[in-house]
Amino acid sequence: MNSEPDSPTPQEAPIIQNTPVPQDAPTAHGPAALIRQMREQIRHVILGQDAVVEQVLAALLAGGHVLLEGKPGLGKTHLVTTLAKTFGGSSARIQFTPDLMPSDVTGFRLFDMKSQTFQLRHGPVFTNLLLADEINRAPAKTQSALLEVMQEQQVTIDGETLKLAPPFMTLATQNPVEHEGTYPLPEAQLDRFIMKVLIDYPVREAECEIVTRAAAETPGAARDEVSIICGPEEIVSAQRATAAVQVVPEVVAYAVSLAQATRESRSVSLGAGTRGAISLVKIGKAFAALDGRGFVTPDDIKRAALPVLRHRVQLTPEVAISGQEVDEVLQAIVESVPAPRQ
């Protein structure tokens, strides 16, 4: 069987019409300036992971959640706590294990002998940034406890629905190497993550600097401090401004074409659904906002394609056995779909 992804019938790329931009359309300079300051603070602490930081910040602007895939010890927890500090937010970490219960994630009611009443004990999801560490080590029932939280930003405990304070973002990690004792995430939950970000070892110079800093630390001493750039309210305002970034119909159609192309490829057994196309546009808006633009270009959608689609696509057994990676197939699909011309 041919392992190369099939290309759609060649067609001329559509031309983007000069759609007038409303006078009150956002320029995205506000989010760009804010995120630029946050990025500089984080890059001072998280060394050698600039692309990861950029993608996580884009997901934050888009109001989405991130699946981080990488080996242990690459600073994922430090990234979450540092990001939370830059906007004065709270963060929490859940170590997912086979015996973790849903109530350990969301919270529960405990009977108080003194008051003779049931007291609500909030779970770790009541935070701004949640690190779900090794999420694939917990059974499906516990994994699904995050589903309502990620989708609705609310928690139901004993029939009572509790809203989470915005902004709320989940960063879940999984180890790509270890499979023993793990429970693969179901497609429904994978689809809730707006991006899958790959985190790898830093370049040699950055790793040397990390080792130098860590070796000079005193046990128990505070780690690198970061400045508070803004408050949670400013992050929510930046998310609103990002959602208002302009996107013309031709660019929306391009995002839909990319998602459809994954479903039509002979190399793919399961392609991206409509939520994948929506996520492409949302992250495209975030990348535009990061660049200080009030409009999305086809290049923003291309830039979003791999991190947005890689966890929504499953290769056919023949292609997987041949050694091809998902990113290789996706890159070929992206190159085969004509982008709109300016």
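A Cβ is built for glycine as well, from the same backbone N, Cα and C atoms used for every other residue.
TrEMBL annotations:
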type: COMPBIAS; residues: 1-21; note: compositional bias 'Polar residues'
type: REGION; residues: 1-28; note: region 'Disordered'
type: DOMAIN; residues: 65-195; note: domain 'ATPase AAA-3'
type: DOMAIN; residues: 260-332; note: domain 'ChlI/MoxR AAA lid'
Per-state residue totals over the domain 'ChlI/MoxR AAA lid' (260-332) - DSSP helix, strand, coil: 46 helix, 6 strand, 21 coil
The domain 'ATPase AAA-3' (65-195), counted residue by residue under DSSP: helix, strand, coil: 35 helix, 41 strand, 55 coil
